[in-house]
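All remarks here apply to the structure that follows.
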Amino acid sequence: MPSKSPSVLLPTYARADLAFVRGEGAWLTAEDGRRFLDFGGGVAVISLGHAHPHLVAALTEQAARLWHVSNLYRIPEGERLGARLVEATFADTVFFTNSGAEALECSIKMARKYHAAGGQPERYRLITFEGAFHGRTLATIAAGGQAKYLEGFGPPVDGFDQVPFGDLDVVRGAIGPATAGILLEPVQGEGGVRPFAPEMLRALRKLCDDAGLLLVLDEVQTGVGRTGRLFAHEWAGITPDIMAIAKGIGGGFPMGACLATTAAARGMTAGTHGSTFGGNPLAMAVGNAVLDIVLEPGFMDQVRHTALLLKQRLAELKDRHPDIIAEVRGEGLLLGLKALIPSTQLQAALRENLLLTVGAGDNVVRLLPPLTIGEADIATAVEAIDRTCAQLSAARTSDPKTGAAA
Ligand SMILES: *Cc1c(COP(=O)(O)O)cnc(C)c1O
């Protein structure tokens, strides 16, 4: 029986009138029994599909043993997950959070504290990029700089200097005596699946080294295999000083982390930061289970193989439907279709054809399937997109007013 619309919930989301009762792999079953192919993945969260048996086992085993103890005590599952993240990355140290925004908050505080600990507390500002998204807390909406998220919430938190996307000279010009570092997503997700060029990332790394700045990467969306490497910055052959992750590391369990080098974390001593729930044993058990799979030899090769296949098929669809799809963009399984009709209309039509996607800025529809997606499910998705584009084209030809600009 369909439930009533959840009118007691704060109406901050324009929700689709759709509720799901079950998930399995890349598939979601709705209350009315319809099965949807999930290429939204709870916004890049469902890294290993729904109800992955290894994750279910890890969570239920931990749930039966111990839920929560607080960070006043050692949490061995978290020590293990931290050690594995350190082993697999540039980082020497890890702080666990419950969300992406909190991972960013820790990153921002750490970048400021680094300079304060070095005797330069006046260096607290971060350079950020137009189109960025770093979360919805007061500091992270200021970092993201998007007017629609800042509007009406009082003076934005001070300390962020936003520059246009991808212009190195402007970045150089924005560096001043108060600059602490540079913060960016290697591929802007919410901003419209916009990758920074590898040369740009290398140039920013060098700029930071030359000016004594910290490079802070927001890999909340791009991390944990999403782009075909464990972390997206690996494509550019650089490492950050600080990195925020979340989404994929929990595979659906809410968790995030701030990773850093020992040097960058020098100011974060006992008492400087904390979280009641961060690093909770349940989250740590799931995070370890996600790593069990993602770190398996050959896993990332498989992701790259699948991603290439999907991207090729999408490129064919763009050629077949040049009136609907302007461009296929993105890295790995963080892909975007730039639409020639309103992207919300394309997304709704895809949903009618039982394919779930996520919107993004720049009139882009995001495709974020599980990293474990198989070729049969890719074929189903491609067929749904093909059919949807054909329907939208036909509707446009018969009634030009339904489409956007011709
Ligand atoms: C989703 C996201 C965030 C915010 O994460 P929350 O868990 O919603 O707080 C921050 N940065 C990027 C790049 C994201 O995609």
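Using the three backbone atoms N, Cα and C, a Cβ is placed for every residue, glycine included.
Those TrEMBL annotations? Automatic predictions, nothing curated.
According to TrEMBL, the protein carries these features:
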{"type": "BINDING", "residues": "Gly100, Ala101, Phe133, Asp218, Glu219, Val220, Gln221, Thr276", "note": "pyridoxal 5'-phosphate binding site"}
{"type": "BINDING", "residues": "Arg136, Ser275", "note": "N(2)-acetyl-L-ornithine binding site"}
{"type": "MOD_RES", "residues": "Lys247", "note": "N6-(pyridoxal phosphate)lysine"}
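Known features from TrEMBL, placed on the structure.
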residue	record	DSSP class
Gly100	pyridoxal 5'-phosphate binding site	helix
Phe133	pyridoxal 5'-phosphate binding site	coil
Asp218	pyridoxal 5'-phosphate binding site	strand
Lys247	N6-(pyridoxal phosphate)lysine	helix
Ser275	N(2)-acetyl-L-ornithine binding site	coil
- Note on the structure: Lowest 10 Å Cβ neighbour count of the recorded positions Arg136, Lys247 is held by Arg136
- Message: Can you give me the Cα-Cα distance between Glu219 (pyridoxal 5'-phosphate binding site) and Lys247 (N6-(pyridoxal phosphate)lysine) in Å, rounded to a whole number?
- Response: 9
- Query: Taking Asp218, Glu219 as the binding-site residues to compare, which has the smallest set of other Cβ atoms within 10 Å?
  - Reply: Glu219
- Take the Cβ of Ser275 (N(2)-acetyl-L-ornithine binding site) and count every other Cβ within 10 Å, whichever protein chain it belongs to. 18
- Under 6 Å from ligand 1 by Cβ, which binding-site residues from Gly100, Phe133, Glu219, Gln221? Gly100, Phe133, Gln221
- Item | Top Cα neighbour of Lys247 (N6-(pyridoxal phosphate)lysine) in the set of binding-site residues Phe133, Arg136, Asp218 | Asp218
- Item | Nearest-integer angstrom distance between the alpha carbons (Cα) of Arg136 (N(2)-acetyl-L-ornithine binding site) and Val220 (pyridoxal 5'-phosphate binding site) | 13
- Taking all protein chains shown into account, the Cβ-based neighbour count within 10 Å for Gly100 (pyridoxal 5'-phosphate binding site) is 30
- How long is the line from the C-alpha of Gln221 (pyridoxal 5'-phosphate binding site) to the C-alpha of Ser275 (N(2)-acetyl-L-ornithine binding site), rounded to the nearest angstrom? 22
